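Asks: Mind having a look at this structure? Questions to follow.
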Amino acid sequence: MSPQTETKASVGFKAGVKEYKLNYYTPEYETKDTDILAAFRVTPQPGVPPEEAGAAVAAESSTGTWTTVWTDGLTSLDRYKGRCYHIEPVPGEETQFIAYVAYPLDLFEEGSVTNMFTSIVGNVFGFKALAALRLEDLRIPPAYTKTFQGPPHGIQVERDKLNKYGRPLLGCTIKPKLGLSAKNYGRAVYECLRGGLDFTKDDENVNSQPFMRWRDRFLFCAEAIYKSQAETGEIKGHYLNATAGTCEEMMKRAIFARELGVPIVMHDYLTGGFTANTSLAHYCRDNGLLLHIHRAMHAVIDRQKNHGMHFRVLAKALRLSGGDHVHAGTVVGKLEGDRESTLGFVDLLRDDYVEKDRSRGIFFTQDWVSLPGVLPVASGGIHVWHMPALTEIFGDDSVLQFGGGTLGHPWGNAPGAVANRVALEACVQARNEGRDLAVEGNEIIREACKWSPELAAACEVWKEITFNFPTIDKLDGQD
């Protein structure tokens with residue numbers, strides 16, 4: 001031991017266990033523009049004060065450990081430690097608190113969502129002093145945002161590539177999701193694209209199974225794309241799922257898609273992982289491919305209100321990691337999604353600058369400093385009667401994706417696509433004429449049925465279908 005170390009240790013080191021709040025709860029701290037800010041929903045164990053719980057989160061997700069260690073004296077903890085700088089009670093919840101934590105930027109590797117999450121949502125979520133812990137929101141500072149490429153292309157570049165403006169894009173997930181041969185799969189793709197859809201999609205668990213290997217699927221889907229483009233005069237695409245068991249295999253599939261000349265590939269970003277996703281996003285930008293992102297596994301992480309991570313955080317992470325589309329719920333369909341909360345993270349996906357708005361679950365003002373935006377995808381249990389609400393809720397910069405709502409049409413796949421396209425065009429025209437889609441939506445659809453027997457048949461099939469279940473993850477203060 002050197003004399004310098006020995007002297008410092010003799011006056012500054014005291015072995016033992018300290019309360020976290022002595023070092024990591026700093027209500028006087030003024031946050032910096034370069035700090036990453038986090039809002040955690042903390043549920044302390046009985047007998048643990050909220051200040052101690054918040055400080056424990058700050059410590060265990062940054063520089064702290066359970067006891068004082070000698071090597072604390074070899075660095076500047078004041079420079080590197082996370083700080084719990086504010087705690088507030090959650091309305092209507094006696095045992096829950098929002099703990100705000102500031103992290104110095106130097107704690108994180110540049111351009112790495114993987115490293116950021118390993119710290120902020122790592123081992124701390126298993127900490128015994130906490131009964132539950134949920135990350136509600138993150139503020140990503142411009143200094144860190146600028147280290148990421150972000151989406152391969154973004155909303156405006158995608159519209160320019162497709163030459164489609166002034167309306168939402170239309171998609172369809174091919175069903176049944178598993179079991180079709182590659183040729184029959186390609187036939188369904190062709191029929192949907194010919195009928196008027198912009199995109200069709202591999203389901204998230206379509207990779208390369210014995211009944212349909214990936215290369216065969218890619219070839220038949222490419223044939224469907226080119227044939228439908230020739231017949232309609234519109235640019236078409238199919239989300240070819242490149243997700244695979246290894247990053248090398250994923251890239252092989254993306255390269256083959258590029259060689260086929262198709263416009264877009266797909267990745268399951270949570271099951272595939274952020275490192276793989278960021279690599280694929282970089283490849284897509286370099287090679288002119290759009291990237292569709294599916295969020296399979298998200299509800300394991302985000303559905304419970306008191307533990308895990310809200311989807312708005314996963315949405316921000318995806319915008320950093322890279323993707324041109326991401327599934328975002330529907331509000332009106334079969335999947336979980338509170339309206340105000342959904343609109344909040346939809347804005348976080350699309351807009352350059354989003355103000356703090358607790359009524360929509362947004363805890364921090366977020367400045368994306370020109371990072372390209374991501375198109376939200378509404379998908380899951382939607383049909384033609386939902387079209388006015390979807391158009392009103394999501395606006396033009398979105399993808400409305402109907403699986404069963406296309407392929408379940410009584411006359412077949414192409415008429416199902418026609419019905420959706422007619423319904424969308426009717427809603428966009430009515431909106432542009434100043435009509436209120438929220439009030440007149442059903443009337444607008446009925447009027448369009450007079451000119452489209454395909455739409456009339458679809459309306460008859462799905463007139464009674466609803467998904468009336470309460471939302472589990474509501475915003476605080478809602479009954």
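Backbone N, Cα and C define each Cβ position, glycine as well.
Per Swiss-Prot, the features are:
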type     : residues               : note
ACT_SITE : LYS175                 : active site, proton acceptor
ACT_SITE : HIS294                 : active site, proton acceptor
BINDING  : LYS201, ASP203, GLU204 : Mg(2+) binding site
MOD_RES  : LYS201                 : N6-carboxylysine
MOD_RES  : SER208                 : phosphoserine
MOD_RES  : THR330                 : phosphothreonine
SITE     : LYS334                 : site 'Transition state stabilizer'
Asks: Going along the chain, which residues six or more apart from GLU204 (Mg(2+) binding site) have their CB under 8 A from its CB?
Replies: ASN241, THR243, ASP268, THR271, HIS294, ALA296
Asks: What is the number of other Cβ atoms found within 10 Å of the Cβ of HIS294 (active site, proton acceptor)?
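Replies: Cβ-Cβ neighbours of HIS294 (active site, proton acceptor) within 10 Å number 28.
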Asks: In the same chain, which residues outside the set LYS201, ASP203, GLU204 have their CB within 8 A of the centroid of the CB atoms that define the Mg(2+) site?
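Replies: Surrounding the site, in chain order, are THR173, ILE174, LYS177, ASP202, ASN205, VAL206, TYR239, ASN241, MET266, HIS294.
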Asks: Out of SER208, THR330, which has the highest number of nearby Cβ atoms, where nearby means within 10 Å of its Cβ, if these are the modified residues?
Replies: THR330
Asks: Work out how many Å separate SER208 (phosphoserine) and LYS175 (active site, proton acceptor) at their Cα atoms, rounded off.
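Replies: One finds 16 Å between the Cα atoms of these residues.
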Asks: For a quick check of understanding: among the recorded positions LYS175, LYS201, which residue's Cβ has the most other Cβ atoms within 10 Å?
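Replies: The residue with the most neighbouring Cβ atoms within 10 Å is LYS201.
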Asks: Sort out the sequence-distant neighbours of ASP203 (Mg(2+) binding site) for me: same chain, 6+ apart, CB within less than 8 Å of its CB, listed by position.
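Replies: THR173, ILE174, LYS175, LYS177, LEU178, ASN241, GLY403 - these are the non-local Cβ neighbours of ASP203 (Mg(2+) binding site), listed in sequence order.
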Asks: Cα-Cα, whole number of Å: THR330 (phosphothreonine) versus LYS201 (Mg(2+) binding site)?
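Replies: Approximately 17 Å lies between the Cα of THR330 (phosphothreonine) and that of LYS201 (Mg(2+) binding site).
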Asks: Return one of helix, strand or coil for LYS175 (active site, proton acceptor), based on DSSP.
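Replies: In the DSSP reduction, LYS175 (active site, proton acceptor) maps to coil.
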Asks: For GLU204 (Mg(2+) binding site), which DSSP three-state class applies?
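Replies: Assignment for GLU204 (Mg(2+) binding site) reads coil.
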